[in-house]
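Asker: The following block contains the structure, expressed as structure tokens.
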């Protein structure tokens, strides 16, 4: 599908064949970087999940099944998002109908990633406040479910509903601000840095915003149309920044995990109330 008039070449012909579309992943075209950046990202996320699962409990003997569950939510979100994105960009040349279906898969992956990133951060950020954990988990799950309805329901696929679809994604992404500000109000900036790896989450947000801005502005191809058809287009840069943002979030979660379990082991100097 051609949705960027600054990209002039490298398009694959309509294949009308899943086999031909999937075979094209080994060829060089203007979707190659989009496919492989997120395919490799999905593989890396799955591999990292396996490695962490095998080391999490030996690392701290007080690690629980809840730790495994919240990390699993994050890795599920990362693998689903990156995997569905790679799938969409692979099959986008099949036909218009399949491309639209793949586009919905891509959006579903984004929702799952946001939800999966939210779950562990709330768990570690409000570890002694189970009521707040339930409130914020319910909030993100409700917003995520509503966003999925908007994505999948035919009524909301028409052009006049585009602003509403966009607002649902914005609402879901910005919903993370409320628990972070709440945590800062309760514990302070320094403590939230320990509890959720706040600086890594800020870095993640900056990467997402930078990626979305570059994607929306369609730079650098806007400046030199036809020069970034295969390498270096805005969509490709956006893909790389999404992977880096997910990695930043994971580093923040690891910092939160280490702090929480040092605390449980009596190693940390600060004690949570509760």
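Numbers here mean position along the shown chain, with the first residue as 1.
Any Cβ shown, glycine's included, is placed from N, Cα and C.
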Asker: Which one of 19, 27, 29, 89 goes with 235, 239 at the Zn(2+) site, as TrEMBL has it?
Answerer: 89
Asker: Count the Cβ pairs between the transmembrane segment (68-87) and the transmembrane segment (237-257) that lie under 8 angstroms and are 6 or more residues apart in sequence, then report whether there are at least 3.
Answerer: yes
Asker: Near the Cβ of residue 89 (Zn(2+) binding site), how many other Cβ atoms are there if near means within 10 Å?
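Answerer: So the number of other Cβ atoms within 10 Å of residue 89 (Zn(2+) binding site) is 26.
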Asker: Including all protein chains shown, what's the count of other C-beta atoms within 10 A of the C-beta of residue 239 (Zn(2+) binding site)?
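Answerer: If we count other Cβ atoms within 10 Å of residue 239 (Zn(2+) binding site), we arrive at 24.
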Asker: So which residues does the transmembrane segment (196-217) touch in its own chain, when a touch means Cβ under 8 Å and the partner is 6 or more beyond its ends?
Answerer: 117, 121, 124-125, 173, 176, 180, 183-184, 189, 234-235, 237-238, 241-242, 244-246, 248-249, 251-256
Asker: At a C-beta cut-off of under 8 Å, are there same-chain residues at least 6 beyond the transmembrane segment (237-257) that contact it? List them, or none.
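Answerer: Distal contacts: 33-34, 37-38, 41, 45, 48, 56, 63, 67, 71, 74, 78, 81-82, 85, 113, 117, 120-121, 124-125, 194-201, 203-205, 207-208, 210-212, 214-215.
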